[in-house]
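S.K.: The structure is given below, and queries will be raised subsequently.
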Amino acid sequence: MASSNTYSNFKLATELPAWSKLQKLYDAQGKSLNVKEEFQKDSARYNKYAKTLTNYDGSKILFDFSKNLINDEILATLIELAKEAKVTDLRDAMFAGEHINFTEDRAVYHVALRNRANKPMKVDGVDVAPEVDAVLQHMKEFSEQVRSGEWKGYTGKKITDVVNIGIGGSDLGPVMVTEALKHYAGVLDVHFVSNIDGTHIAEVLKVVDPETTLFLVASKTFTTAETITNANTAKNWFLSKTGNDQSNIAKHFAALSTNETEVAKFGIDTKNMFGFENWVGGRYSVWSAIGLSVALYIGFDNFEAFLKGAEAVDKHFVETPLEDNIPLLGGLLSVWYNNFFGAQTHLVAPFDQYLHRFPAYLQQLSMESNGKSVTRGNVFSTYSTGSILFGEPATNAQHSFFQLVHQGTKLIPSDFILAAQSHNPIENNLHQKMLASNFFAQAEALMVGKDEAQVKSEGATGGLVPHKIFSGNRPTTSILAQKITPAALGSLIAYYEHVTFTEGAIWNINSFDQWGVELGKVLAKVIGKELDNTEKITAHDASTNGLINQFKEWL
């Protein structure tokens, strides 16, 4: 139900008894805990801390938490913290459609988008499942028409290329998913335009044919400045190539939006408008109509498998006891490192080239959600919140920033992701086995390190010795899937969504607004008008004035 901030009575994390207990455990055990020694002391450690998720199709993903800086007492206290922070209460409120995004008075209901069991899911007393299903059915019909060639351009030719124009969640999700599931691609090529930099759309328009290109304009309000500017540029280009006949637009443009008036004004047939509700946040929107480019690219059946994979993790997150709840454990470990070890970053390194955009996607999910300094009690936090998430695919990353991870002065908790089965098992799986050997070796090396005696035994002497020492004891979580399928990818994304949720619930912040993006947009509108004339600018600080005036001189 709609309400004011009903979550302000949730306590600050530092007020919880388990928080103080964890601080004492960190001082007494955590900061000196040696994972290599923990394995020597406890032969069951791996079996205790490795958890397996079974997907809806029977496939599995293994999450190995055993190389983390925890023991049974620390883990039990972290779970105690989750209970005291009422993580499950907030989780249940989210799944019940309550307005847990209280600053915008909205439900947070992206989980309803992957409700393929079609169970009733209500917001403000209204079951949204039929509406979600209707949009999906519309997406299915449209995507199958385009993919089959039944849908034709204005000259009667089949569509060959799809250009998705969006930004933020309307871009990052579809870009990442289409790259990750490229193996499942069909007859269409997809392109993405997001940046207001004219180079982005110019380079795409160079390689597409107006007779065979479908543009998807992805903006819930149909007023997002960057998206509408790019969409108008695409429309002007299209009209200039097609005799300026406005009626041709309907065959080549569709809208992922809810603003019927603006969509119609643009020239798009509102029959080709795919909507989604305000309870779908941008960074959670790939499951919605925003995923139309994905459905066009990989086919609707694969898109539905993607949804079902996420649904399987939702079910696990809701039904599994805290001790075995995989996303909850991932979130608790993040809090442990952030707030007790002082770790500021979180590395996600997929050992899979198809997942090369996965870290960029997770950056928005994590940092836009939990980059907050005000709690649900409307006071500034006195403790650290969101981590700086970064990553690149390995093994490339090993030849760039892994030096810092292994021998730098900062603790960088890391997630490594690998699929056992490659979609491209070339050279009799030679490449895959080399990739896997690095996946296992990097996690092992970060844990065991190399001490002075080992370095000397290898022949190093004098001042060279300390340079070759690896301290080890650097935490990793290894995530091993059977194969990167649509279902597996859906599960991985949902895992990180619920990790992010758990972090925010512990920190007592609203993970579902993003006020931090607003100020820059407001100021940009003011400055944009100043760039339309030749007058010298003096209205800002000296630095901003100087930069604007130099730009105008050089433009």
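Using N, Cα and C of the backbone, Cβ positions are placed for all residues, glycine too.
Sharing the record's features from Swiss-Prot:
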ACT_SITE  E368  active site, proton donor
ACT_SITE  H399  active site
ACT_SITE  K521  active site
BINDING   G169, S170, S219, K220, T221, F222, T223, T224, Q364, E368, H399, K521  D-glucose 6-phosphate binding site
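Tell me what's around each of these sites.
M.R.: Under the three-state DSSP scheme, E368 (active site, proton donor) falls in the helix class.
DSSP gives H399 (active site) a helix state. For H399 (active site), no same-chain residue lying six or more positions away in sequence has a CB closer than 8 A to its CB.
Annotation for K521 (active site): same-chain Cβ neighbours under 8 Å, separated by at least 6 residues, are A225.
Cβ contacts within 10 Å of G169 (D-glucose 6-phosphate binding site), excluding its own Cβ and spanning all protein chains shown: 24.
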S.K.: Mind computing the max CA-CA distance among G169, S170, S219, K220, T221, F222, T223, T224, Q364, E368, H399, K521, which the record assigns to D-glucose 6-phosphate binding, rounded to whole Å?
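M.R.: Farthest-apart Cα atoms in G169, S170, S219, K220, T221, F222, T223, T224, Q364, E368, H399, K521 are separated by 43 Å.
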S.K.: Compute the C-alpha separation of T223 (D-glucose 6-phosphate binding site) from E368 (active site, proton donor), stating it in Å without decimals.
M.R.: 21
S.K.: How many Å separate the Cα atoms of E368 (active site, proton donor) and S219 (D-glucose 6-phosphate binding site)?
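M.R.: Rounded to the nearest whole number, the Cα-Cα distance is 18 Å.
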S.K.: Tell me, how many other CB atoms lie within 10 A of the CB of S219 (D-glucose 6-phosphate binding site), whichever protein chain they belong to?
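M.R.: Taking all protein chains shown, S219 (D-glucose 6-phosphate binding site) has 26 Cβ neighbours within 10 Å.
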